[in-house]
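The following features are taken from TrEMBL:
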| type | residues | note |
| --- | --- | --- |
| DOMAIN | 90-227 | domain 'Palmitoyltransferase DHHC' |
| TRANSMEM | 20-41 | transmembrane segment |
| TRANSMEM | 61-80 | transmembrane segment |
| TRANSMEM | 137-163 | transmembrane segment |
| TRANSMEM | 186-210 | transmembrane segment |
Amino acid sequence: MAPRIDWRDLRRLCHWGPMVALFIIIYCYVMGVGCILIWWPPVTAAGVAHLIVYTAWELTILYNFFYAMLLGPGFVPLGWKPEKEADCQFLQYCKQCKGYKSPRSHHCRKCKRCVMKMDHHCPWINTCCGHLNHTRFILFLLSAPLGCLHATVVYGCTMYRYLYLGSSYYYLVEDDDLEPLIDVDLYFFAMLFFATGLSIGVTVAVGILFSIQMKIVLTNQTGIETWILDKAKDRPRLEGDKFVYPYHLGWRRNFWEVFAWQGYPRGDGITWPVVEGCDQYTLTVEQLLQKEDKRNRSVEFAIVDNYSGSWFPITKGIRVCCCIPCTEEPRIKVKRGDVVMVTRAYRKWLYGEKVTRIKDGPPEKGWFPRPCAEKIINELHYPQQSQADDFEHDKKED
């Protein structure tokens, strides 16, 4: 059954991402129409055809943009669990959604739901790119650079005429008694120059993102799964234990899994076709093992100074403010007496999960300044001190 659009999701427009995206799309289109009316007006069949093609790009971009935003990625039902109770041991439990994460799903802290085949959270459509909207999202990434490339050519021809033909405006026909349709003055040229910068930026940036998305489509991966695979390659294993990615079905079939004729990806977002020798839980078991390794490598830190969760904690020192992690991951509020299990470090910042969190509540994970914490050395809990020594070594280097 074809997925349905919930028009209540139009509220996703109330965010800086879709507003900025729509501004760029509409602004570039309007400036392009103005330029077309100047140097190739629709008074001939060729002029009309050119304007139709240019408008078709705009409509295609807007259609795929709104379709990807309103359709959404597809969310795992709240409280979901597998049909067989025994299969729960192979899955991660999500405390926020009070259910198990289905294979290939991940919890998005911004959508506040577990997302089917989550690739990433896209601020430009104010929702995740996942199972249901992956096709339309990629088509949006394809049409936007092509439309902006067309617009860039139109802008270039207009600026050439303005700079080298010595005229500030142009007529629909050569008749000195007619008023100019578009007055090309310095203000128009400045707006045109700004539109050119936007169109070139979109062509390059979105074009690169399109190439990345096509690469993961042809390997039947997601952005998150590429990280899981990288860690799977480096994780210590027993001799003869080799991890096989279960969803790589060959590039042709991978392509048609996303770009199916019905206009949206195949499957229900819960069960997936896998290669021979694998099952539905091959990847989820690998995730559980990586989570366990991560917990074993974590280092316990005690909080000795309060931190409010500010992105620029001036009171913690200039070096802390100048070395903030370049990531959208949250900052956590900590106070004296809290204990945090730290798994990552970046210069003057630490990332971890609070041990003293609310019972049965969502885990409190995020970044906090390193000067707020001191390492706890526990020989019984950490028989291998190498990880703690690594943190101390990083601190000395800073």
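Cβ coordinates are placed from backbone N, Cα and C, and glycine is handled just like the others.
Quantities reported herein were computed from a predicted structural model and do not represent experimental measurements.
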> Taking 20-41, 137-163, 186-210 as candidates, which has the most Cβ pairs under 8 Å with the transmembrane segment (61-80)?
Replying inline: 137-163
>> How about long-range neighbours of the transmembrane segment (137-163): same chain, 6 or more residues beyond its ends, C-beta under 8 Å?
In response: 25, 28-29, 31-32, 35-36, 38-39, 53-54, 57-58, 60-61, 64-65, 68, 122, 125, 129, 170, 184, 189, 192-193, 195-196, 198-200, 202-204, 206-207, 209-210, 213-214, 217, 258-259
>> Cβ under 8 Å, sequence separation of at least 6 from the ends of the transmembrane segment (20-41): give me the contacting residues as numbers and ranges.
In response: 13, 47, 50-51, 54-55, 58, 61-62, 65, 124-125, 144, 147-148, 150-151, 154-155, 157-158, 161, 169-170, 172, 181-182, 184, 188, 191-192, 195, 198-199, 202
